[in-house]
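Report on one structure; see the data block that follows.
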Amino acid sequence: MDWLNDDQRALRDMAETFARKEVEPVANRIDMEERTPDELVAKAAELGLYGLYTSEAYGGVGADLVSVCLVSEEIAKASPAFAGMLTVQMVLCPKTVEILGTEEQKQRILPRAVTGERLMAYSQSEPGGAANVAAHLTRAVPDADGTGWRLDGAKLFCTQGSAQTYLVMCKTRDRDGNEGYGCVIVEAEDAGFQVAPYEHKLGWRGTNTGPISFDNVHLASDDILGDLLSGGFSHRAANTANLLAHCAVSVGCAQGLFDKTLDYVKQRRLYGRDMSELQPVAYWLAESHAKIAACRALLYDTVRAFEAGAMAPAQSNVCKTFICETAFDVCVKLLQLWGGSGIMDSTGVNRYMRDARAQCVAEGASEIHYAIIANQLLHGQPTLVPSNIVKKA
Ligand SMILES: Cc1cc2nc3c(=O)[nH]c(=O)nc-3n(C[C@H](O)[C@H](O)[C@H](O)COP(=O)(O)OP(=O)(O)OC[C@H]3O[C@@H](n4cnc5c(N)ncnc54)[C@H](O)[C@@H]3O)c2cc1C
């Protein structure tokens, strides 16, 4: 990575120190107790991590996506679960607001999000399928008294289910009867809004990912983010940037387990000699190293193309499937080198494999991304959004 500039290097080094000193010591606790310590959230805020990708005009750092990925990778080496949660805060939510919001909405939401005062969540998935937007039932329709909209429905798998500001993708209808798919802002205090209790999960523990629901929640005009009928799918740059940061978490996840495994293999003796002298062990390490290097090269090549506005269609989907699945395969193999010790929770390494699996489903299951890549290859359309979702009355 000789091509990094001074700012990118400085942010990577800052994240490396933060990960080593603050995240690593609590990483097993986050996984075992399924709770992220408040002090860690506060320290991340202090360092400006929540505002890393937000413009300086709204209190953010205004860093580029390369820096965001470097930071995500470093933190994921210590705790992929915490890093995964961070990308939602750092990239997906604020960038969606920056793309869709009015100046007033940006001033209302972003300065308090970057300080961690009001954490954010992005909610699309529904029981009918996360990507299957046509089957979504959550709906915002005009109020009978003409003062705004009413939101009803239920969402699944909302990460940061204990956030304060929620960006909710939903079916929408305007006063003329036109229908579409919009993005609305719901605040945790809104009457009729509910968050279900913490749901236990395989990986990405420590951040609440669960159902949320809306029962006749009132939305004022300034709670509609972007165009009422198309805001739900017209912030693609935020989704793409987040997908790439998510891939950086997978690279960091595999690298974190690799580093720990290399140390373990170097000190472990078997049959009276060093474990590293067993040829398959040395080959597996070499193979894992090569695969992680290939994933990292693909990631940063794509991120730089994205920033230059020259990314090939569906390239972020290629990254998502290849990097997340490869990182999982690498983690499975590396964990095997730990024998029984890798199965025991006390060594704190099997969480990497579990987090790597969660990475393959969060931000869209691999098959959804294969479907998008195939759509691009066969029909020149890198999307699964049905063309009839916006309906004129
Ligand atoms: C840890 C975690 C955090 C998450 N955080 C959020 C969040 O913050 N906000 C949010 O909105 N969602 C979130 N999700 C939801 C996530 O995006 C979905 O789980 C994922 O997109 C898969 O959708 P689904 O669960 O509805 O699976 P389904 O749509 O029921 O699909 C089931 C399986 O069918 C296959 N499949 C689905 N669609 C296709 C297709 N088009 N072509 C071929 N095969 C297909 C895949 O194998 C898929 O795994 C999170 C999920 C996890 C695990």
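Every residue gets a Cβ built from N, Cα and C, even glycine.
Unlike curated entries, TrEMBL annotations are predicted automatically.
Keep in mind it's a predicted model, so treat the numbers as computed, not measured.
The domain 'Acyl-CoA dehydrogenase/oxidase N-terminal' feature in TrEMBL is assigned to 6-117. The domain 'Acyl-CoA oxidase/dehydrogenase middle' annotation in TrEMBL covers 122-217. Annotation comment: TrEMBL describes 244-377 as domain 'Acyl-CoA dehydrogenase/oxidase C-terminal'.
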Reported in the order helix, strand, coil, what are the DSSP residue counts of the domain 'Acyl-CoA dehydrogenase/oxidase N-terminal' (6-117)?
-> 90 helix, 0 strand, 22 coil
Tell me, roughly as an integer, the mean pLDDT over the domain 'Acyl-CoA dehydrogenase/oxidase N-terminal' (6-117).
-> 97
